[in-house]
Amino acid sequence: MKALHGKALLDDPAQNKSTAFTREERMRYGLQGLLPYSVADIKNQQQRVLGNLRGKRSDIEKYIFLNSLLERNQRLFYRTLIDYIEEIMPLVYTPTVGEACSEFAHIFRKPQGLYITPEDRGRVASLLANWPETDVRIIVVTDGERILGLGDLGANGMGIPIGKIALYVACAGIHPAHCMPVMLDVGTNNQELRNDPLYLGYPHARLAGQDYLSLVDEFVQAVRHKFPDALIQFEDFSSEHAFVLLDRYHKQVRCFNDDIQGTAAVTLAGVHASCRITHKQFADLKIMLLGTGSAATGIARLMLSAFQTAGLSEAVARARIAFVDREGLVVTARAKHKAHIQPFIQEQAPASFLEAIERLQPDVLIGATGAAGAFSEAVIHQMAQYQERPVIIALSNPTSHTECTAEQACRWSDGRAVFASGSPFPAVTMGEKIFHPAQGNNAYIFPGIGLGMLACRATLVTERMFLAAAEVLAAMVSPEEIERGAIYPTLPRVREVSQAIAIAVCHVAQQEGLATANLPDDLEAYVRTLMYEPDY
Ligand SMILES: NC(=O)c1ccc[n+]([C@@H]2O[C@H](COP(=O)([O-])OP(=O)(O)OC[C@H]3O[C@@H](n4cnc5c(N)ncnc54)[C@H](O)[C@@H]3O)[C@@H](O)[C@H]2O)c1
Ligand SMILES: O=C(O)C[C@H](O)C(=O)O
Ligand SMILES: [Mg+2]
């Protein structure tokens, strides 16, 4: 790290300690006179941060405040995020990050992350060379086309890679200097944004076809060259591009798609853990998915592998997974279906969503639609009619787009639903009983995958790593959490979860012959040494 002095030191978010610089440091670094008298410590500063934060009137103001803190004092920001994760994660991630993306061009203060546009074709490598860090290990990249359930937000989508990177640091202890958020700003088809005089992105229709692919290719190749140890996480692409890009790169470069693969692992873990509440065998379950996009398809693929691992034949496993879309059950009798769900089309008569629940009586219902209210009262009722403890997982983000709220799932099932959702909900009280919804978000998976990759430097990310991550996460749900009806660990345990996932990733990488790092026997201790603990 470059040695800084005086005002430049106070202006550097990575090195700034502000009022916590000691008297000796103030003398050594030319800070005398530049700070108020009192010498604080990080705990003391944290109290000031929390006081300021809690005094803000709205979540978006809290987001702006926290983002400015990150830009002033990185260590204080991360220390506070880690120590108060239940309170602060929803402000830097879903749901507030959704609002922050929608408002991005209006609340913009200071550039963060790297922007690449079609005008940079042919010189993407030189843009990467402008990045101030040299040892980038984690890249989260989006093109902004499907930001949470909010659709095409163009360059405003930069809030998502920034938020995911904050979680890599907070939830897995990846050092901030190893992380880079990237916006592949290929334009937007959101006319409203393009008409906004404050819009900051490339104000043209989205690049398509070969022009699009060749720009992504150039980016991926430039990363390989400039940051050969980096893992690329594709995030919030349209499902069409998500599958094309994953197919294109996953056997060539260290990459994964979080909406397809990370989401699948977190959902599989939740389904596994739910069996401890419902007292069912995983291999007996029937799963119904609402939506046929990236998340739902990823879940079906991983679930298929998990069922086979649990001893089912491929045919039986497929028959256990049913898709429902806007027109009802996805069946062969209906007209064309998207290529990626072809393997899951059922040989059955057509049925509406409600009829499909009646006919198949699924144990688990999973929503990945981005459609608010898609789990209606009738749907939850129908599930609760056939299952004593229906498992309802409403993945869609942000909260305004959830398939149903925790309160709805609880009331409409007479308190019997086992519920998790992509964005957090507070506990619901029903008579004497308190219902504790869990948060089913890929934030329990991707940070650990990244930490594992950083530890073992595997050349590729594989499906077995996600299966292992799901197993680890499911096993970590404690008896007390299960007792409370939760299918995921509470958020304050997320660093412990990420560490365990990272170790599992190292094991899989070793077994698959993909690890390139020399790993010691004591992986637990080794992985812990890699985890950044923000402090002065
Ligand atoms: N909790 C998590 O960790 C997590 C992870 C990934 C995605 N998500 C959320 O899941 C949602 C979907 O993400 P995706 O990547 O799959 O998007 P996508 O665009 O690839 O897929 C959405 C699918 O939902 C279908 N759909 C929309 N409205 C519907 C309705 N009313 N009934 C039935 N189907 C409907 C669409 O046709 C499409 O198939 C988003 O809201 C996203 O925020 C959550
Ligand atoms: O961003 C999240 O909260 C989860 C997920 O990746 C999503 O796209 O919704
Ligand atoms: Mg996402």
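For all residues, glycine too, the Cβ spot is worked out from N, Cα and C.
Any TrEMBL annotation is an automated prediction that lacks curation.
Listed by TrEMBL as binding divalent metal cation are Glu235, Asp236; the candidate from Asp196, Asp211, Asp217, Asp259 that the record includes in that site is Asp259. Within its own chain, Tyr93 (active site, proton donor) has Gly163, Lys164, Ala166, Leu167, Ala443 as residues 6 or more apart in sequence whose C-beta sits under 8 angstroms from its own. In this structure, the recorded positions under consideration are Arg146, Lys164, and the one with the smallest number of other Cβ atoms within 10 Å of its Cβ is Arg146.
Taking Arg146, Asn397, Asn441 as the binding-site residues under consideration, the smallest Cα distance to Asp236 (divalent metal cation binding site) is found for Arg146.
Under 6 Å, Cβ to nearest atom of ligand 1: this is the test, and of the recorded positions Arg146, Lys164, Asp259, Asn397, Asn441 it is passed by Arg146, Asp259, Asn397, Asn441. By the rule that a residue counts when its Cβ sits under 6 Å from some atom of ligand 2, the recorded positions Arg146, Lys164, Asn441 yield Asn441. Checking the binding-site residues Glu235, Asp236, Asp259, Asn397 for a CB within less than 6 Å of any atom of ligand 3 leaves Glu235, Asp236, Asp259, listed in sequence order.
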